[in-house]
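Structure record follows, encoded as C-alpha cells.
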Amino acid sequence: MFSARGVPAVWKRFSSSSTTTIVTKAIPSKTHLHAPLPDFAFPKGYVLTGLHCGVKKKPELLDLAVILSTSSRPTSAAACFTRNAFKAAPVVVSQEVLQRNGGRARAVVVNSGCANAVTGKQGMEDAWAMVRATDTLLPDPQSASETLVMSTGVIGQTLPIAKILEGIRAQVPSGARTLGSTFQAWERAARAFMTTDTFPKLRARTFEINGKTYRLAGMDKGAGMIHPDMGPPSGQLHATLLGCILTDAAISPRSLQSALTYAVDRSFNSISVDGDMSTNDTIIVLANGAATPAGEPEIDEERDAQAYETFKQELTSFAADLAQLVVRDGEGATKFVTVTVEGAPTYKDAHAVASRISTSALVKTALFGEDANWGRILAATGSIPLSQPLEPSRVNVSFIPTDGTAPLPLLVNGEPEKVDEARAKEIITQEDLEIKVELGLGSESAKYWTCDFSYEYVRINGDYRT
C-alpha cells in the first residue's frame, strides 16, 4: 500500500508464482525550506492576505490571495505567460489587462484549487469578475481594470465564483479585512497559492542601485505539471506554476518586461519536474516605486543602462531562487539536480541540451534508483539537433558533488573513464548533486534544475482529483 509523503511505502507485486515486495525511499523533509522573515525585509507599499473562501473543501486550507499596491507612484507591471494552446481564462484576461494599460497594474488576485482552464465563456466571465471585484479594493480605483488574475488547480472545472467574490469583497475597509504588510500577511498569501505544495515558497532580499536600497519579495507555487516555457504578453508567447514578485523600486513598464523576460528564461524556464507544461503558468512582477525618492524618474534601460542592468541581474538571481524551490518541492522528489551544459555554440543550444537531460524519464528514474547510469545522459545529449554538429570526441561528462569534494569524470573527450563505482554511488546518493556536460563547441552555457521520478510521484498524480 502507499504511504503519506515522507514515510516509506511498501508495494507488493503479485504474479501467479511469486510475490515481490518493494520498499521505497522516504521523501526528504522540506520544512527547513521555509522560515519566518522580519517584517522590514519586505518591499514598501504593498498589503496582502490569504484566506479560505471555499474553493478547497478543507476550511484550514487557504485558497484565495489578494495583493494590492498602495504606493502613490504609478505601479509598473510585467508578466510572462504559458504558450500552451489551451491558455486558461486568467491568462487571457491578464494579458488583456496589461495590453490595455500599457504595462500598468496595481493588484493581483489568485485562487487555488481550480485552474479555471478549458472552461469556455463562463471561465472568461468568472476571471473578469475576479478582476472587477479586486479593483474596488484599490485606493482611488480607476475606470480601467488594474488587477491581474491567476488560478491553479484542477483543469476543466468552473470556479465557485460566488464564494470567491464573497472572499474578495470581505477585504473592503468596512469588512472583515485581513490585508496587511507583516510577515504573517505575506505568508498567508503564499499559502493561498498552494495545491500539492508541501511548504509556502516565500523569499525576500534587499539590493542597491545608485546608492539607494530597495527590496524584492516573491512567492510561487508548483510541485507537479512543471516544465514552463513562458514569454511576454505580446508577440510570440513563450510558461502548474504561478509566481508573483514585488519590488519597491521604480522601473518603467517596458524595462520591467524586458528584465522579466530575460530573468524567466534563466530561472522558471529552466526547471522541470515532470516535463508537462501547464495551461496556467504565469509569473507577474509589480514595481511600485514606494522606496524611490519623490520626483526621481523610473529606471529605464535607455536612460540609465547601468541601473537597469543591476536590476535585471538582481531579478534574475531572485527568480532563480524561487524557481529552485519548486523543483525542491517536486511531487515525490528525493533529489535536487543541477544540470550544467557548457561549451555550446549558443545559449539556445546549451539550454536545449540541459532541458532534454532534465526531462529524460530514464535519467530521472536512474537518479531515483541511485544508479550512476551515465549512458542515459549521453543518449539524451545526442538526441538534440544543435546549430552545428555535435562531435562526440569533444564531449565530457562529470558528476559534481555539492560537498566540495573532487568531481568524478565519467566521459573525457568521448572516451569512457574507468569509473570508481563506489565513488559514483557516494555522489548520487546525496540529496543534491550536479551533472556537468561539456560539448566542446563554443563558449555558451546554461543551467537547468530538475529532480528524480519516484513511486510517490505516481501515487500523487494517480489520485489527484480524489
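Numbering starts at 1 and runs along the chain as it is shown here.
For all residues, glycine too, the Cβ spot is worked out from N, Cα and C.
Listed features, source TrEMBL:
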| type | residues | note |
| --- | --- | --- |
| ACT_SITE | Thr240 | active site, nucleophile |
| BINDING | Thr195, Lys221, Thr240, Glu331, Asn461, Thr466 | substrate binding site |
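Here the features listed in TrEMBL are painted onto the structure.
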residue: Thr195; record: substrate binding site; Cβ neighbours (10 Å): 22
residue: Lys221; record: substrate binding site; Cβ neighbours (10 Å): 27
residue: Glu331; record: substrate binding site; Cβ neighbours (10 Å): 26
residue: Asn461; record: substrate binding site; Cβ neighbours (10 Å): 15
